[in-house]
Amino acid sequence: MIGTLSGIIEEVQDTSIILAVGGVGYIVHVSYRTLINCKRGDSIKLYIETYVNRDNVPQLYGFTDTEEQNCLKMLIKVSGINYRTALAILDRLTPDQLFSAIVNEDKAALKVGGVGAKLINRIFTELTPLVQKLEFNIMDKRGPSVEDSDALSALLSLGYEKTRVLNALEKVGVSHNLSDTVRFALKELSK
């Protein structure tokens with residue numbers, strides 16, 4: 001099992017890169033967001049997911065951060081979603097956008113090639129409890145307060161995605177009064 005690969009990008013293809021590591025060139029499938037930042041000759045470290053297809057051919061999927069990698073792991077748990085489909089979803093959505101689409105049951109956001117209405121409904125059914133639990137765990141680390149709940153509502157009303165707001169509130173740390181909490185969270189969200 002491969003956990004990470006660090007090397008030099010030899011070639012950038014349509015949906016993958018060839019990563020030279022110790023004299024071996026690995027074909028690594030990456031999301032569009034990763035692909036647009038890849039340039040031949042650049043050094044890169046990727047977190048790797050390995051999948052062996054029906055023909056017993058191993059395929060490597062690489063991610064620049066563990067958040068996107070964990071989203072892929074979560075998506076492939078849904079019956080009917082394979083690695084390629086999960087990567088197509090991650091091509092279109094950031095992890096925050098994915099969580100938001102699941103929690104808000106935003107069918108249009110999840111509409112990508114190979115993902116029909118039945119599969120989208122299955123994603124909502126199977127992943128909504130998991131995503132809500134993840135959001136609860138973020139708030140639970142600090143112990144939510146009335147100010148946190150009010151700050152969450154205020155920031156959501158400004159149009160920020162719930163997952164981003166929860167992450168910002170987590171980074172703000174110790175609860176402040178409401179106006180300070182919102183101000184510090186807005187600074188965090190603007191980064």
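Just so you know, glycine gets a Cβ as well, placed from its N, Cα and C.
According to Swiss-Prot:
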REGION    1-64  region 'Domain I'
REGION    65-145  region 'Domain II'
REGION    146-149  region 'Flexible linker'
REGION    149-191  region 'Domain III'
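Counting residues of the region 'Domain I' (1-64) by DSSP class, helix then strand then coil, yields 4 helix, 38 strand, 22 coil. Mean model confidence for the region 'Flexible linker' (146-149) is a pLDDT of 60.
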